[in-house]
């Protein structure tokens, strides 16, 4: 027996937890395959890494250059490695115990790209390679700017071979070659290009050769003079416009007019030095997934600083920038880790693959109506969401842990170099956000196929957009950081950003032999920003999911609080409806039922389990169609212990009535009470005492019949011995106990067995109210009779509302019947009363040859002048004879008389059946509706 009162929150949570654990046990291999996905993907990375190592990392081009040298002069050579034996690319990997000092160089445009317009010079200089290099000035003090611009280029070229670097530091040297990743070898010096000396004017014979560097890194370079041209601009806007128009996409002609640098002196004066420098930052990261290159900015800073010092102290004051020099380094090897290079997009896909799994599971229960049937049997929203969330969180956590373990075991630097606890914390908060998003999205989908397509588009779209759009903008220095923050509000990009930071730290750590990201550097990376975004979005998604679910359950529009309804308009509309109702004709029995309901509404008694008072349901019109009145005005009272049957043609409104009573839709007007509880306000409490047998079986294919009943029994607060006893009795009563049928998966049941299980589910726990929609559909005669007995026994302490198309079923089970046509009760009473009221005639059937049809009709009319022929085809005729005008013996006499005059093949006399009553009432009601 059930405990007194409904099941508690934790009892219901325990019920669904046990059901889910059993369900997952049946699907254990699906879960194993899901958790093994990271392993398979990590193995793919291992093979890619091995291929990359053989072709790239271990290539001779990516190692320090070596030659076989005869050091002892004995004809035997020894393999010797060093910078002197290396190409420019190989030199990066060589040991450099004493790095070379190199003179600092300024980056200037190549001759064919130097700035050219009417303010500078004509285009003939490009043909002669003699265009000057341009430096722009602006600021608040034009005269000060003129002095500083002159000081930049006032020094004549001077050389002192005894101290070459000191001598070169007195000059302004430049190159057209961009910087490398390091300064171990300066590309401007080791290349074949010339070194340029920027002068105010280039005198004759100003080009010569010079030797730079120490053996073995000694290079002879051509020193060429290039004219420097300083130009003043009124403000920074003009400078920005000029720089932009010098870009080949910044002007309509596609011309390139590059400027060396630009200086904004702001409010610089004798006591304040404040300067802003424009330089071309695109050279820093023009090669994606490569280390940043050195940008030649320090010499630009030193250049203008010297000009300012000379403005203050005179031309002899100098602050020399003699050289740039790297720190010593050991020999290294190329150690490019594929997992770190492609980690952001790869692991974005790996982690996001959980989203379709979660979303499909939620939408499947929604599509198959499993969630609503659980709710109808007492499972509240709270236990459902908490247990579902906990399950998906556990599954996702195992998935992430296995991903980290597999990645570490096979040696992926992405996992080994970054702090494990930091990684897990990031993944953990994100999978919580992902589960919340899946819950939120599940409200937008009703079909698994649609949800699956949308989810996979999100997965792969997020990875591709992250790599080709978000990462491009992230690495571009010109893109505003605030817009990066806005983009990170998209969950796919916040995940990508976190993985990008992990990959960059692992890549740099592996390249330099250091660790990756650690907690102590948490605030130094954007990872802290991403953490905060994910946590906030996690809670926002949970709140939004709760709100949408509550609004959907209550039937309210999501934006109901924005809608302002006109009370006068509503009351006027109701007045019109009431006046329309008042002129409709109602039968006396229906009026008596309405009066009984009105009396019950005034009383506080709960003797009647179900009370419906003027219940209406109108569906709004769509596509220009008028509103559909599914249930017009329904007043009904069903006491406990009664089975009330609803008969009616398709579209009569029976299903809409059941949907209102089970909470699927809200009534348009009127009221309904179950055990004294209002279905519009207390539906969650109503569910705890309700059982439902839907028209279509809503079962889990992998759960057994016993497991179904155990789950629903727990929802009805059955425990221990009472639970097991109730389950066993239910299985026996519907003939699902013997032969091991109870422990077979429901997916292997026949249609009839599933139907019997659905009836058993609706009756377990002795619910106070049960709704059954065609419970015996698809059953063989023996099973049908057995099931009817079960239902009849169950109604002793239960109010049952049953819909059926079987008149035999209705007559056997129902204490009272109501015939429903066009949304309205046409009659109500027990089967005998209805047959007596609407069936006051006998039906005589007689089959003869066609030529005797008129003779038969004349003989029957002799018995009663009010006889009515209701059927006629190929010699077979049916006549309806009023009972009050004829005796049965008189009918027999007519038959005997007919037999004596002609051959009668067959005949029969029957009382009116319930089916005849149903047809008669339905036709009369439909005819009246058409007429009205």
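Positions of Cβ are set from backbone N, Cα and C atoms, glycine also.
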According to Swiss-Prot, which of these ranges is transmembrane segment: 285-302, 303-320, 483-500? 483-500
Tell me which of 505-525, 526-546, 547-567 corresponds to the transmembrane segment entry in Swiss-Prot. 526-546
Pick from 453-473, 579-599, 600-620, 621-641: which range does Swiss-Prot record as transmembrane segment? 453-473
Paired segments the transmembrane segment (526-546) and the transmembrane segment (424-444) in contact, 3+ CB pairs under 8 A: yes
Top stretch among 34-54, 338-358, 392-412, 453-473, 483-500 for CB pairs under 8 A with the transmembrane segment (424-444)? 392-412
Taking the centroid of the Cβ atoms of 648, 649, 650, 651, 652, 653, 654, 655 as the ATP site, which other residues of that chain lie with their Cβ within 8 Å of it, listed in sequence order? 820, 821
Any contact between the transmembrane segment (34-54) and the transmembrane segment (453-473)? By contact I mean 3+ C-beta pairs closer than 8 Å, pairs at least 6 apart along the chain. no
Return the average pLDDT for the domain 'ABC transporter' (610-847) as a whole number. 89
Select the most exposed residue of 650, 655, where exposure means the fewest other Cβ atoms within 10 Å, treating these as the binding-site residues. 650
Please work out which residue of 648, 649, 651 has the most C-beta neighbours within 10 angstroms of its C-beta, and give that one of the binding-site residues. 648
Among all protein chains shown, how many Cβ atoms are found within 10 Å of the Cβ of residue 652 (ATP binding site), not counting that one? 24
